[in-house]
Structure formats: structure tokens, C-alpha cells
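**Student:** The following block contains the structure, expressed as C-alpha cells.
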Ligand code: HPA
């Protein structure tokens, strides 16, 4: 077992969470809803990524959310930080090693679909890895040929949709397209994304989905829309806007998860 997994197991004591959530930019508020929370800074977990992106805390929070024993990764590292698409691999391997089975990925994203507005939430039905990178490049075993036909677990997606109905929150569905970032897209790239079948664009999540499937985790993902894609309105895009807008959709996503999570773990 890796040093990260040993350290995490140590800190978890008797807890055996089967569900882990990765929080996107500006979505840290979910942590405040965790009951009996234990905070474990990434720096105490060898191999966990220390991200310098503002809006990302850098800790694992263990505790109870909607009656479900969960681990929350508050803070992720992005491909654009050091050009390493596999930067989250040690952390995800540690989750797997301590018994996590379900990986719930969240992100802040730009909408390229006029019907999905800022402040709204989109369930990720599928993705397009447009950055050209892949976290499994260099993996020497045949396990690298991961099937991605049902990358986003159909049953977990159903649970999310039922959760949204119970929470009385709208939950869009769509395709998330991964751009490397860190610069935002151009208007031409946003038009291309739409033509190619995307509903939202962002700079994360896809590497973790690929790694999660590689590790045999069941993956579910949701995007909180913080803005329309470049050129869809007159406005320039900024990370400040992402951080300011994320909590609006983030609160909706939290209410959806409160109803969906208890159905995940069964
Ligand atoms: N593009 C890429 N990533 C993003 C965006 C966007 O418009 N908004 C939030 N994250």
C-alpha cells in the first residue's frame, strides 16, 4: 500500500467511507455541511496534490453528509498546473486503497448550450477529452485500455436525477468537454465545442474520470455553470467570476446531493 493510503487509513480510524467527492473551484461550501468532520490537510498525505489555484483548499474532509460516510477532496490539481494529467493519480489510488467505491466529481464550467444558464447545474452524461492529454499515457500494463462506454455510471446518474426531483432543483444533462486551460477558450473554440456536441466546457474532471475508471471506481459527475462560454455574451471571462458564481449553483448541487447520496451508497 502507498504511503498516502497508509496515512489516510491511519487518519480515518474506524471510518470506512465508500463515497468520495472531489470539489471544484468555488464549491468548498459543501464542506460546512459535513457532520462530525475531520480535516486532514493534503500536506499530511504524501502524494496528495498541493494545488496553488485560488478557490481550492487542499484538504480531505472525512465525515457524514446526508447520513452517508463520505470523504471530500477539497482541492484538486489541474493538468494546466504542471502539464501532468495524472497528477490526481496518487490521491485516487489512496481512495481506492482505503475502500472507496464511488467517485463523485464536481466542477465549475462554462456553458456552450443556450438552454443551460449560469447558476444552473448539469449532470455529466458523457465527456469529450479535447486537450489531447490522457492520464494513462505511460501506464505500462494492458489495464491502460480502459473502456469508456459507460464512463459515467448509469445507476448513479439515475440517483442524481431522482435526487434533483426530490430536492425540487433543475438538473440539466449534457456532455462536458475538457480543454487544457488555463487560458479560457476563444469564441471560435466555443462555437466548435457546440458543433462537436458539448454542452459545457472546463479544465478538469476528465482526467479523474479516466483514472477512476482505470481504478475500477464508479464515477458520477456534475458541473456547476458559472458563465456562458466566450463570445456567447459580450463579457470577458475571469476566474473571479468563476469563484463568485460557483456558490450559486453549488448550493443547488449540495441540495441535490443530499437526496442522491443516500441512494449511491446502497
Ligand atoms: N471555460 C473553461 N473552464 C471554465 C469556464 C469556461 O468558460 N468557466 C468555468 N470554468
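Backbone N, Cα and C define each Cβ position, glycine as well.
The model shown is predicted, which means the values in this text are computed figures rather than measured ones.
Annotation source TrEMBL lists domain 'Nucleoside phosphorylase' at 19-261. TrEMBL lists 25, 56, 76, 77, 78, 108, 204 with the feature phosphate binding site. Per TrEMBL, purine D-ribonucleoside binding site is recorded for 185, 227.
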**Student:** Could you check which of the binding-site residues 25, 76, 77, 78, 204 have their CB within less than 6 A of ligand 1?
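**Tutor:** If the test is a Cβ under 6 Å from any atom of ligand 1, the answer is none.
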**Student:** For residue 76 (phosphate binding site), which of the three DSSP-derived states applies: helix, strand, or coil?
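**Tutor:** Its secondary structure by DSSP: coil.
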**Student:** Round to the nearest Å and give the CA-to-CA distance linking residue 108 (phosphate binding site) with residue 185 (purine D-ribonucleoside binding site).
**Tutor:** 14
**Student:** Just to verify a number: CA distance, residue 185 (purine D-ribonucleoside binding site) to residue 76 (phosphate binding site), in angstrom, no decimals.
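**Tutor:** Here the two Cα atoms are 21 Å apart.
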**Student:** Any same-chain residues 6+ apart from residue 204 (phosphate binding site) with CB under 8 Å of its CB? Would you list them in sequence order, or say none?
**Tutor:** 24, 76, 78, 79, 107, 178
**Student:** I'm trying to understand the geometry here, so how far is the Cα atom of residue 25 (phosphate binding site) from the Cα atom of residue 227 (purine D-ribonucleoside binding site), in Å to the nearest whole number?
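**Tutor:** So the alpha carbons of residue 25 (phosphate binding site) and residue 227 (purine D-ribonucleoside binding site) sit roughly 13 Å from each other.
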**Student:** These are the binding-site residues: 77, 108. Which one scores highest on other Cβ atoms within 10 Å?
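**Tutor:** Answer returned by the neighbour count: 108.
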**Student:** Near residue 227 (purine D-ribonucleoside binding site), which residues of its chain come within a Cβ-Cβ distance under 8 Å, counting only those 6 or more away in sequence?
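**Tutor:** Long-range Cβ contacts: 110, 111, 118, 235, 237, 241, 242, 245.
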